[in-house]
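Participant: Questions regarding the structure given below will be posed in turn.
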């Protein structure tokens, strides 16, 4: 079955939105090669790689980049595990308050960021945690779990439970069923969740 192509004006509006969102990044990329010391001299007078070498030689920038990558990696790992487990639990189990738990999982990204941030800061102070790497990772993971959960639970809902039952009936263990039946179905959704996390982090 072939789906109809979108109207030309819808495609034009889509590409216009994409260009509008990415245009500032293009300007920044152009200025990164500008030979002028002034930040906003247009058009650029020439092209140079000088600023890249200066940035690479700045220890503060390298430390900031390293810390950002570390936070992103830890937050992503935590969110992938917790988000997938939460989605699996809510998909497989039926219990009182299931909808309330789903709502609680979505609250961190539904509420304004400042509200969630103040709530996390208050919680950290209550348990005696000082601001640092751990609190930053937990804060980022709190937002990122929602992204993974949304993608994985959507895939779970499209997965027929009869596939899992058939695997178990044929003698597969719980781990084998997860490894060869469930996980392949989740692979793309986990990847999309990972991409969403990178945009958030």
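Note that Cβ sites are derived from N, Cα and C of the backbone, with glycine treated the same way.
Pulled the feature table from TrEMBL, pasting it below:
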- 12-33: transmembrane segment (TRANSMEM)
- 65-201: domain 'ABC transmembrane type-1' (DOMAIN)
- 71-91: transmembrane segment (TRANSMEM)
- 103-127: transmembrane segment (TRANSMEM)
- 133-153: transmembrane segment (TRANSMEM)
Participant: State, in range form, which of 12-33, 71-91, 103-127 has the highest count of Cβ pairs under 8 Å to the transmembrane segment (133-153).
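Facilitator: Between the stretches 12-33, 71-91, 103-127, 71-91 has the largest tally.
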Participant: Reported in the order helix, strand, coil, what are the DSSP residue counts of the domain 'ABC transmembrane type-1' (65-201)?
Facilitator: 117 helix, 0 strand, 20 coil
